[in-house]
């Protein structure tokens, strides 16, 4: 408990949602199952098809795995709280949830930058693309995103551990996050607000700058393509990523740059739901439906599965017909005898 500063508060009560809990449980369960099926489907599809062993799908597979971890760290506790009288989380459990949420959130922000860099290399430098985005380079970039996420999470949680919580322990949210926790502290939170603004601001600002610069270069390259078909094909490869970026960064900016107040907490719940559950659910469908290679591979896998099922059913029907025919012949032979 960081030097005894938190002896007065050993647990937090996550207020979450107090109305229509059964209905919300069903809605969140459907969202979570949809996210899980979509993300696992993308991972299995990319893993089992050699045609998708390309740099973009490598990052897409990691994004799907990240979405599963990111959403599970929040949604499972939320759903269990909806079925209980009170959603209680210990102080250490709250800090742990906050740490992993910060690690996964930062890593997803960096991974989106890596994906736009991948599109930049594929469109602007097609001849050097596979060499520049080799497997070793991709692994280093992913490991670096984990390291950056861990560093950011350590800074945020370390700054939070210096605070004292000696009053209310009612968190007006459905998971432990820095803004509502700062409102409960009886210490001076100015340093924490500065640290949070610096970390989140740096991540969002640098990410947005990198994405804008990369897409500016991509658009200039697309504009220089002579054929309209080539321009359309190049631009269509980027639209899915732009949609994912807008969903992720839009909800994150509203969540962290909204003024700290009780009213802002209530408004922030909607942004939190969108940020932690809706966006991970939409990501696999956005990329799958907009990616030509993934669509064609999924179509072939579906047709193969259906053909195998039809063939198995046909063999079963034929076997049953043979057995019936053999039984009829046996009965006739017995009657003749």
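Numbering starts at 1 and runs along the chain as it is shown here.
Yeah, the Cβs are placed from backbone N, Cα and C, and that goes for glycine too.
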Which range of 234-258, 309-333 is transmembrane segment, per TrEMBL: 234-258
Stretch-level contact, the transmembrane segment (194-222) and the transmembrane segment (98-117), CB cutoff 8 A, at least 3 pairs: yes
